[in-house]
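Before any comments, here is the structure.
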Amino acid sequence: MSGHRFQALEYEPAFLSLGEQYWDKVQAATFPQHILRFRNDALLPLMGLDPAEVTDADFIAAFGQFQGREPFLAMRYHGYQFGEYNPHLGDGRGFLYGQFRGVDGQLYDLGTKGSGTTPYSRGGDGRLTLKGGVREVLASELLHRLGVRTFRSLSLVETGESLWRGDEPSPTRSSVLVRLGRSHIRFGTFERLHYLRRPDLIQRLLDHVIAYYYPHLLEIPDPKERNCAFYRELVARTADLAAQWLVAGFCHGVLNTDNMAITGESFDYGPYAFLERYDLGFTAASFDYYGRYAYGNQPAICAWNLEKLQIPLSWVIPLEEMAAALKTFGDRCQTTYLKLMLKRLGWADLPLELGRSLVVETQAFLSRSLISYPQFFISLRQEFSPEWAADVGHLFSGSPTLTPADQKLLEAWKRCYFERLQQATPPQRVAIPQTLRAANPLVIVTRPHIEQIWQAIDQEDDWSRFRATLELMQV
C-alpha cells in the first residue's frame, strides 16, 4: 500500500487502551469507486498538516480506501430511543478511525459514517447515501459557523455503489463521511455498562473521560468530588448546547441518549432541519409522531437524557449530588440562550436585564409573522446602520417583502430595538455591525435549499451550489 499524509499523524490509542469490553475490531468495506466530493482544508492545520501539501489522493487513500490504519473500532453502546430503552445498539455503519492530538494539545476523534457493516448493523448495509453525506456536511459547517459546538466534516468520498432506501428515491448514490470531534463516547456508552451491571467498567470509563476531556478536574484530589464535578460540568455543557441549537434555529431530530456526546457536542443529527419559520412545535423527523424531539422541546429532552444518565453514574456518584446539579440546567440554558440571541441581534455585551425584553419581542415577532427565521437575521445584518439610532423610522426601511400584517407586528419590535439603541453608548452602537457579521452568516440551509443543492448534484452532477453555499458560510 502506498503511503499518504494522514499516516504521518501520531495516532493515540486512547479508546483502544480501555479494553475490548468497550469496542469491537472491524474492517472497512471495499468500494468500487472513490471520488472526493468535499475536503475541509480548514481543519488540517489543527491536525498539524499543511493544506497545500495534502492532495486529494491523500484523502482518498485514507478515507475512501482506508490504507494503513488499523485497528478500526466499532464502539458499543445502548440508549433510550423515543423514551424506550434499547440494548441492541452500537456503531452500525461506521467506526472510530483513529485518535490524535491536535496542535492545541487536545485529543480528537476521527470517525467514519458509511464505511461498511459491523456487528451492530442490525441487518443494514452499513452504507451512507451521498445525499445523507451532503446534508451532514452542510449542517456541521453551518452549525460551526453559527457558534454551535459540533463535530465537523473532514471529508466526503463518493463510493460508486447503488443503495436502496425507503425514505428517498432509490437507487441512490453512496458515500463515506469522515467526521472530526472531541469524542464519540455517548450517554449510551455508560448505559450499556449499567445494563451489564459492571460498575468497575463505568468507573474506568469515567476516569478515561475525565482524564482526556475534563483534565482540569484532575486537580481535585478527592475522586468522589471529582466525579461530582464532572456531572455538574456536563450539565452546564449540555445546557449551553441546547441553547445554542435554539438560537441557531436548529432541530436535531433524534435526541436519543445514544446521540448525546459526553463532551457536549452536536452529532448524529441525521433527520435534522434548520427552521424556516420560528415554530417551537416544529419536528424534524417524520417518524416523531408526537413531537417528542420538537425544536422547542430540545432543552427538556436534554435534561431528561441527563437524568437517565444518572442511573449508570449512580454507581460512582451520589444521586442527590446529580439531582442538585440537574436543577441548575434550566437557568443555565435560559441565560446562555439570552446571551447568544442578543449577539444575533447585534449586542455582544448588553446586560441581560436590559436585553431580555428585546429577545422576548423578537420571539413574539418571529412566532406570529410569516418571515423566515434565518432571513430575519440576514436582513438585520445587511440593513443595520448606526443611523437607526436617530429615528425609529429608519429601522428595516428597506424590507418591502413583509406583508402589511407582518409590517404591523414589526413595529413593536422596532420600537424595542430603537429604545436599546437610544440607551447604548456610541462605542456600543459602532460595535453592532461587527457583532451582526460574526453571528449571522449570509446563508440559508433549510430543507428547500438543501433539496435544490441535491437536485443539481443528483440530476446533473453539478456541485457548484454545494460549494457556493459552503463558501458563503465564511462571509
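Residue numbers in this text run from 1 along the chain shown.
Cβ coordinates are placed from backbone N, Cα and C, and glycine is handled just like the others.
What Swiss-Prot says about this one:
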ACT_SITE  Asp258  active site, proton acceptor
BINDING   Gly90, Gly92, Arg93, Lys113, Asp125, Gly126, Arg179, Arg186, Asp268  ATP binding site
BINDING   Asn259, Asp268  Mg(2+) binding site
Site diameter for ATP, Å, by largest Cα distance between Gly90, Gly92, Arg93, Lys113, Asp125, Gly126, Arg179, Arg186, Asp268: 23
Inter-residue C-alpha distance, Asp268 (ATP binding site) and Asn259 (Mg(2+) binding site) (nearest angstrom): 6
Distance [Cα-Cα, Å, rounded] between Gly90 (ATP binding site) and Asn259 (Mg(2+) binding site): 11
Cα-nearest neighbour of Asp258 (active site, proton acceptor) within the listed binding-site residues, Arg93, Asp125, Arg179: Arg93
Other CB atoms, at most 10 A from the CB of Asn259 (Mg(2+) binding site): 21
Gly90 (ATP binding site) - helix vs strand vs coil (DSSP): coil
